[in-house]
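Participant: I have a structure here, written as structure tokens, and I will follow up with some questions on it.
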Amino acid sequence: MSLSTKYNPSEIEDKWYQHWMEQKFFASKPDPNKEPYTIVIPPPNVTGVLHMGHMLNNTIQDVLIRRARMQGKEACWVPGTDHASIATEAKVVNLLKEKGISKKDITRDEFMKHAWEWKEKYGGIILEQLKKLGASCDWDRERFTMEEDMSAAVIETFVDLYKKGYIYRGIRMVNWDPEGKTALADDEVIFKEVNSKLYHIRYQIEGTEDYLTIATTRPETIMADAAICINPNDTRFDHLKGKRAIIPLINKSIPIVEDDYVDMEFGTGCLKVTPAHDINDYEIGLRHNLEAIDIINDNGTLNEKAQILVGEDRFVARKKIGKLLKEAGNLVKEEDYTSNVGHSERTNAVIEPKLSMQWWVKMEELVKPAYEEVMNDNIQLIPPKFKNTYRHWMENVRDWCISRQLWWGQRIPAYYLPNGEYIVAETAEEALTLAKEKTGDNNLKLEDLRQDEDVLDTWFSSWLWPMSVFDGFKDPDNEDFQYYYPTNDLVTGPDILFFWVARMIIAGFEFKGQKPFNNVYLTGIVRDAQGRKMSKSLGNSPDPLELIKNHGADGVRTGLLLSSAAGNDLLFETKLCEQGWNFGNKIWNAFRLVKGWEVVNAEPSVAAKKAQEWFEARFKQAVAEMDDHFSKFRISDALMTVYKLVWDDFCSWYLEAVKPPYGDPIDRETYELTIGFFEDVLKLLHPFMPFLTEELWHQLGDRDEKDCVIVAQYPEVKAYDNEVLEKAKIAFELISQIRNTRSSKGLSPKEQLKLFIKTSDKSLYKEFASIINKLGNLESMEFTTDKVDNAISFVIKSDEFFIPMEGAIDVEKEKAEIQKELDYTKGFLNSVMKKLDNERFVQNAPEKVIEMERKKQADAEAKIKTLEDSLANLG
RNA sequence: GGGAUUAUAGCUCAGUUGGUUUAGAGCACCUGCCUUACAAGCAGGGGGUCGUAGGUUCGAAUCCUACUAAUCCCA
């Protein structure tokens with residue numbers, strides 16, 4: 001045979017993906033005769049490249065969708081990307097910079113043209129990468145959050161929420177990125193440990209020659225100080241109460257206030273309060289009615305309100321002011337200090353807390369149905385431990401800042417009138433009409449309206465995703481939306497449970513009165529072997545495409561799923577992919593064996609017939625087990641079930657039992673049944689290992705282009721013969737014991753052995769005699785009523801087995817082994833008897849439990865007797 | 001500081017409402033085999049007082065309390 005002993009995935013993967021695409025197997029359209037099964041992809045960032053998290057997440061989605069497809073459901077997996085305003089804008093700005101173009105020198109329209117060009121050229125690489133993984137998305141349905149219809153939905157919902165009073169403008173402290181010149185959401189801020197200095201600065205107490213000392217990491221903000229704050233319980237500062245202090249360098253007088261917020265242990269116990277530049281200070285400011293003095297420009301330089309160092313960058317200013325304070329004699333000391341400083345996820349600039357006018361969504365009311373429907377399990381979170389986390393967030397929900405000071409995104413549909421008022425409307429024309437009504441000024445023209453410069457947060461697009469991908473806003477009655485929505489399962493990471501999942505649920509109920517999905521499967525986070533998050537800066541993330549190249553997509557998928565229970569982080573090692581590949585190779589070689597057989601018309605062997613009966617039952621049992629695992633979203637358990645079914649049951653037991661001696665042909669009946677079993681196994685395996693199974697499906701039989709395992713009918717749960725499984729278990733244990741005996745005596749597996757059985761019930765052994773003979777490699781199998789001399793013996797249940805050994809038997813060693821088992825069984829019996837001797841147990845425990853304990857007792861007693869006999873026989 | 005989650009074999013995890021369990025799986029490990037499908041394999045084997053200390057119960061890995069440790073979210 002010319003087939004390689006090694007399975008080579010790269011030869012077949014692209015071929016089959018292309019074939020599936022050509023046959024339109026991924027495509028879905030509404031079919032009223034079929035049950036829909038829908039997944040929308042968590043849209044990856046359009047600038048992104050595939051990382052391990054995507055691999056895990058999309059593998060799970062693909063497993064679910066492929067299984068549903070084979071089960072005859074109308075399976076639809078919608079792919080797409082989001083426009084990632086900050087990330088994309090940063091990329092475009094950088095590209096323009098390389099071309100010598102500055103964003104501020106071009107118009108908004110020109111910039112958007114460049115951005116779209118960038119998107120067309122570089123965006124969406126990640127979707128191409130998903131194809132390598134085998135993702136069976138309906139690619140004809142690919143969506144992008146900035147395309148026209150999707151944007152229209154965003155604008156429509158903004159106006160809708162505004163009209164309902166859920167959207168407002170307000171000044172709030174935001175995370176300001178002075179480089180990107182935009183506000184960032186909390187999750188876009190990364191906190192890093194930074195070495196800095198703690199400056200101890202003394203302020204004169206007004207009207208005295210005394211000083212107080214504060215400690216700060218940001219001396220450049222002293223000009224924005226509105227007060228000095230002390231803890232009211234701090235007796236050290238009683239003399240300061242009611243006094244005022246003077247800011248050095250600018251000689252401004254500020255009050256000294258008292259607030260519990262001040263940590264008496266930290267620094268000097270005196271806190272400078274800078275409401276415009278620190279979130280905690282802002283809140284103290286609100287409590288004490290302090291003025292917020294903003295001395296920093298949008299680009300991070302100091303403005304004229306600072307009075308000194310105007311125009312200097314905040315970090316330059318920090319150094320210079322240190323020097324100035326020193327010269328003025330106000331710098332007491334500098335000490336080294338490490339602090340957690342927020343950085344922009346995109347530009348890496350140090351975040352500046354900044355007061356700024358932003359658009360907000362009022363969340364308190366909106367959240368209510370979304371909260372309820374998860375708490376009552378109408379929407380299920382998997383694993384359920386996330387329900388708690390979800391509840392906690394929903395109960396403490398805060399308003400959502402949805403404006404971003406960027407151009408790439410949907411521009412906020414608010415139009416300012418010359419008098420400073422504004423109108424929210426879907427179009428400028430509509431706004432003009434409304435403006436005329438509002439002002440009574442019929443001379444207003446479009447040119448008089450100025451649209452808000454800001455765009456909406458990307459999440460404000462993503463939260464509509466399950467509805468907008470089916471045009472649920474543009475055309476709510478359309479067939480797709482009616483058929484596919486609500487979707488079935490959502491697969492995503494717990495890190496965006498609030499930013500995305502919760503908001504989708506909110507949007508689903510608010511805009512359509514329906515949940516967006518039934519189940520949310522939260523995957524773990526893929527970490528490296530040391531448990532660290534994978535990150536570019538650590539360089540600990542393997543290249544997914546490289547992994548696929550080396551281990552095959554099937555190998556990587558299997559490797560990822562093998563040890564990733566829902567919600568558990570996955571400590572990734574390349575070894576896992578090797579294990580996945582090994583599994584594929586095992587199946588490949590099973591195929592080589594079967595394919596190599598010569599088939600003749602003959603009677604099946606007794607062993608083969610028994611093996612068939614057993615494997616049929618075992619297969620059905622595995623189908624039932626897998627079905628149960630899938631129903632609970634235990635994907636890795638389902639995989640493990642089929643892994644063992646293939647490796648242990650099909651390869652190690654079944655194929656070994658039916659395999660003819662080398663060179664001999666196989667009878668037709670056994671051959672055909674075996675092919676049938678193989679196909680059944682491939683079906684169970686296909687959602688996990690799509691490529692290998694498709695290849696073997698076509699190699700096993702002569703099939704046309706439409707007859708593919710991807711659309712084969714998935715095995716259904718059926719009743720099975722449990723008795724044959726129970727009997728086989730004992731027969732297999734006997735075979736293991738025979739092999740063990742051979743192995744522990746250092747005999748070759750080729751050495752044939754004689755077996756004597758002492759039992760009161762011969763039927764099981766007769767039934768399985770042929771298999772026991774073959775797999776145990778026996779010369780003979782006989783029944784006996786007496787002990788057999790010069791033999792190794794062992795006990796299964798209450799039956800005793802003897803294998804005569806030529807030459808000396810180490811009696812002491814045999815005795816020791818039997819004694820060990822006897823001790824264990826006695827201990828076990830003892831624990832059973834403790835229960836049965838306890839009156840209260842017999843009274844209180846359920847009948848079934850007591851019965852089980854009595855059975856355990858009887859079995860153990862019989863076994864002990866047999867073991868004791870064995871021991872006695874040995875002398 | 002507030003809240004949550006987790007703790008079972010060397011590693012990653014099962015163990016479903018307490019009773020088929022003096023605890024299972026995969027990987028890793030050890031021993032023997034290049035046995036004509038597969039050495040990336042085959043056969044066999046060892047390994048855990050279920051984080052610690054109490055409590056409830058006839059019975060606890062499972063329920064309760066405290067402690068310890070780790071992780072996450074919020075401030």
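For all residues, glycine too, the Cβ spot is worked out from N, Cα and C.
Below, the features straight out of TrEMBL:
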- A:15-570: domain 'Aminoacyl-tRNA synthetase class Ia' (DOMAIN)
- A:44-54: motif ''HIGH' region' (MOTIF)
- A:533-537: motif ''KMSKS' region' (MOTIF)
- A:Lys536: ATP binding site (BINDING)
- A:613-756: domain 'Methionyl/Valyl/Leucyl/Isoleucyl-tRNA synthetase anticodon-binding' (DOMAIN)
- A:810-875: domain 'Valyl-tRNA synthetase tRNA-binding arm' (DOMAIN)
Participant: Return yes if the domain 'Methionyl/Valyl/Leucyl/Isoleucyl-tRNA synthetase anticodon-binding' (A:613-756) and the domain 'Aminoacyl-tRNA synthetase class Ia' (A:15-570) have at least 3 CB pairs under 8 Å (sequence gap of 6 or more), otherwise no.
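Facilitator: Checked: the domain 'Methionyl/Valyl/Leucyl/Isoleucyl-tRNA synthetase anticodon-binding' (A:613-756) vs the domain 'Aminoacyl-tRNA synthetase class Ia' (A:15-570), in contact.
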Participant: Mean pLDDT over the domain 'Aminoacyl-tRNA synthetase class Ia' (A:15-570): what is the value?
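Facilitator: A mean pLDDT of 90 is what the predicted model shows over the domain 'Aminoacyl-tRNA synthetase class Ia' (A:15-570).
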Participant: Over the span of the domain 'Valyl-tRNA synthetase tRNA-binding arm' (A:810-875), count residues by DSSP class, listing helix, strand and coil in order.
Facilitator: 59 helix, 0 strand, 7 coil
Participant: Looking only at the motif ''HIGH' region' (A:44-54), what are its DSSP counts of helix, strand and coil residues?
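Facilitator: Each residue of the motif ''HIGH' region' (A:44-54) counted once, the result is 3 helix, 1 strand, 7 coil.
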